[in-house]
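Dropping a structure here in structure tokens format, bear with me for questions.
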């Protein structure tokens, strides 16, 4: 039965210290090991020579490996373990940080520039300095963990072709893309708020999508507008008027009658007159003012009163007067905001027994 030769590690004596002349051949790698210094061809030759099974062949292979290991310094066990695990020792961490920063800068530059321009720049840089290395160059074994220029260009092209992936955070985008996405979100939010506000009026009434909610102010034009005026005033005012009362004011002073229209619907009306008072000065009188309850608190009443006053001023008016119920706080506030003052209290002025206040506005 053939004897199995003992392993080289158990028979060979420990390696002798390296000669001073061999110090110049040491490996420049801080985490250098015997496997990093030997090339693949040398390892293959050693395996071929030691594969014959004779003790002499094993001793020759062991001696050759020992001689190759003398060229690299022995490192502490923890650094050897880092080298075996693919980690970079403390001595090369600054090189890795510099390489990472350089790769980020190159990726951003290639993403901003066209593909052709980036390729031409890379080619010119390689041809201009063939023998020089960049100041922060990294050894080949450390570069394997970093993405190359071609990979960065491919990632930038993928981000440009797939905006949805970049928007979801799958690909790191530039600051300009982030600003554009933020502006787009703001525009979408503002458009949604505008749509929600335009489809609902201030009183909560739903509006149809194609309906025009713009308030228009027009002057009285024809008898066809009389039913709308009567409907508004009869519904909102406590004092009933006959058709003759309306015609007295509107037919004699049509230039002092204004309507507020929303689409084809009349939502507000004012009826006034202007004549001589005691043969001394011209007095304007606001006889009726009504606004639909669904459209109140939109400034319609104020705008109608202003238009009537401007028309009276064009007719050389000296003062404007009106009467309103003493309990109608909203009407009193509207007129007082326009400069009217309380002139006189009229007791039991209306048919329902409520007192009235006479308000006056002096124009001269």
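Glycine is treated like the rest: Cβ placed from N, Cα and C.
According to Swiss-Prot:
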- 1-18: compositional bias 'Pro residues' (COMPBIAS)
- 39-48: compositional bias 'Acidic residues' (COMPBIAS)
- 126-135: compositional bias 'Basic and acidic residues' (COMPBIAS)
- 152-164: compositional bias 'Low complexity' (COMPBIAS)
- 216-364: domain 'N-acetyltransferase' (DOMAIN)
- 39: phosphoserine (MOD_RES)
- 54: phosphoserine (MOD_RES)
- 192: phosphoserine (MOD_RES)
- 198: phosphoserine (MOD_RES)
- 201: phosphoserine (MOD_RES)
- 235: N6-acetyllysine (MOD_RES)
- 1-21: region 'Disordered' (REGION)
- 39-65: region 'Disordered' (REGION)
- 110-164: region 'Disordered' (REGION)
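Can you tell me where each of these features sits in this structure?
A C-beta separation below 8 Å, combined with a sequence spacing of at least six in one chain, links residue 235 (N6-acetyllysine) to 290.
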Do you know the DSSP helix, strand and coil residue counts for the domain 'N-acetyltransferase' (216-364)?
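Split into helix, strand and coil, the domain 'N-acetyltransferase' (216-364) gives 54 helix, 54 strand, 41 coil.
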